[in-house]
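What follows is a short report on a single structure.
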Amino acid sequence: MATTNLSYYDKATIPNANSYRFGIVVSEWNDDITENLFLGAQKALLENGAVKEHIIRWNVPGSFELIYGCKKMIETQKVDAIIAIGNVIQGETKHFDFVCDGVTQGIKDLNIKYDIPVIFCVLTDNTKQQSIDRSGGKHGNKGIESAIAAIKMAALREF
Ligand SMILES: Nc1c(NC[C@H](O)[C@H](O)[C@H](O)CO)[nH]c(=O)[nH]c1=O
Ligand SMILES: CC(=O)[C@@H](O)COP(=O)(O)O
């Protein structure tokens, strides 16, 4: 099993986030999962010094729209890092593959085109149970992992 605990981190190694502004773009598809991912990310940001008023949340319809939502946030808001939150679950068809690949490539492209780190907090799971396990269940919360990545990348961006 490749999964580590997504919630674990050594707080002593995390930069203080009090001077950073964060964007969080949240997909409404599977919102029971994405809301838990958001809450995990928000909690981890606040626990590491982020100011609640400096966390900007936007919602988009589905994970594919995370690309445009993050692009628009970069172009219109002053943020130091963005967390893109989504949950794609395999259905009957190949649509899962196209959504996952599209979002992955789109977020990668944003990281290349702009100087704002966009963190990939998109669960791409075979089953709903896998999503539950990774959004506050037995494997932790990917929202926490993504928030820590966002803080670290905001700090790296200052070099
Ligand atoms: N099946 C899932 C989707 N599908 C919707 C797409 O993300 C997109 O909103 C639609 O194709 C219109 O452009 N989205 C998820 O986030 N999760 C899914 O499981
Ligand atoms: C990832 C999806 O879009 C998928 O959940 C849609 O389900 P289906 O492949 O059965 O149409």
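Cβ atoms here come from the backbone N, Cα and C positions, even for glycine.
In the three-state DSSP scheme, H95 (active site, proton donor) falls into the helix class. Residues or ranges marked as active site, proton donor in TrEMBL: H95.
Taking a C-beta cut-off of under 8 Å and a sequence gap of six or more, F120 (5-amino-6-(D-ribitylamino)uracil binding site) has these contacts in its own chain: A84, T104, I107, S146. For W29, S63, F64, E65, N87, V88, I89, F120, the entry in TrEMBL reads 5-amino-6-(D-ribitylamino)uracil binding site.
Around T93 ((2S)-2-hydroxy-3-oxobutyl phosphate binding site), no same-chain residue at least 6 positions away in sequence has a Cβ under 8 Å from its Cβ. Annotation source TrEMBL lists (2S)-2-hydroxy-3-oxobutyl phosphate binding site at E92, T93, R134.
With a CB cut-off of under 6 A applied against ligand 1, the binding-site residues I89, T93, F120 are reduced to I89. Mapped onto three states, the DSSP output places R134 ((2S)-2-hydroxy-3-oxobutyl phosphate binding site) in coil. Of all residue pairs in the (2S)-2-hydroxy-3-oxobutyl phosphate-binding list (E92, T93, R134), the one with the greatest Cα separation is 23 Å apart.
Close contacts with ligand 2, defined as a Cβ under 6 Å from any of its atoms, occur at H95 among the recorded positions F64, H95, F120.
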